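Visitor: Got a structure here, written out as structure tokens. Questions coming.
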Amino acid sequence: MRTREFKKTISKLLHPNFGTLIVFCVVLYGLAIFQDYVFSRIKPTGFYWSDTMLYNIYWLLFIPFIKIANSFYNKVQFKSLTSKVMYSIGTGLLFSVVHIFIFTSIFILGSNLIYLVPHRFLTILKNAVSNQLHITVIIYLFSPFVFDYLKRKKQLNKHFQNQKINKTITVKNGNRRIKIDPCTILFIKTDRPYTMVYSSNQKFLHDESLKKLEKLLDPQIFLRVHRSAIINKNHIRELKSRKNGDYDGILTNGQSIRFSRHYRQNWNELLNH
């Protein structure tokens, strides 16, 4: 059970939008340290790794706080653009204040652990307010709209992708070409130089490659589980481990298909259902 919850947490962290946020903040953290180093070379000031690494944690705190702010934002139903803007301004100011206070507390805690003479709370707080407050407010103010844009873009791409997916597939049966509903397909397997398409009531010898057929099918339903096989996940009844990373997938018609560990990223989700 814990393993499943852990996998769900990891999948959320690896979500494209949140993954981009993590990368952005880590890069920003590195650039801020580099900027401090360059500044220390231009101006006659010292450069201390412990100080700059601890202080620039400020940018890494955007990762959890933007995630939390965005989760609250998604739960609110806005009646107008004005209400959305007012909500963003309010939460932007609130999260900016919380961000600065949490950062200052973390910095002072680290300072007490590292230095014999730690920094003072008010000094760091004033410094953060004077240098980072305006940037912080802007980031929290606009982040909901950025996530909205990315969400709409993803939905639009998904819509276009669904439009490209064929409602029927034309396969060869002797000298004839027959259109079949993809939903009736159980699995597709290579039988060189041809491809065998197995439906719920018959099989077809097709002259197109497995790779070409894969592009015509809905990737949410049809999974490449082996270099020579594609299955319809809605027709999987059981998975049996081979104890070497491979599995045998038992279909609703009793047919067994080998699930290769080399394609596990395509079918791993089936193990959690």
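Positions of Cβ are set from backbone N, Cα and C atoms, glycine also.
According to TrEMBL, the protein has these features:
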- 169-273: domain 'HTH LytTR-type' (DOMAIN)
- 12-34: transmembrane segment (TRANSMEM)
- 54-73: transmembrane segment (TRANSMEM)
- 85-109: transmembrane segment (TRANSMEM)
- 129-150: transmembrane segment (TRANSMEM)
Visitor: Let me spell it out: take the transmembrane segment (54-73), skip the flanking residues so only those 6+ beyond its ends count, and list any with a Cβ under 8 Å from a Cβ in it.
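Guide: Those are 18, 21-22, 25-26, 28-29, 32-33, 36, 87-88, 91, 95, 98-99, 102-103, 106-107, 110-111, 114, 128, 132, 139-140, 143-144, 147, in sequence order.
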Visitor: So how many of the residues in the domain 'HTH LytTR-type' (169-273) end up helix, strand or coil by DSSP?
Guide: 25 helix, 51 strand, 29 coil
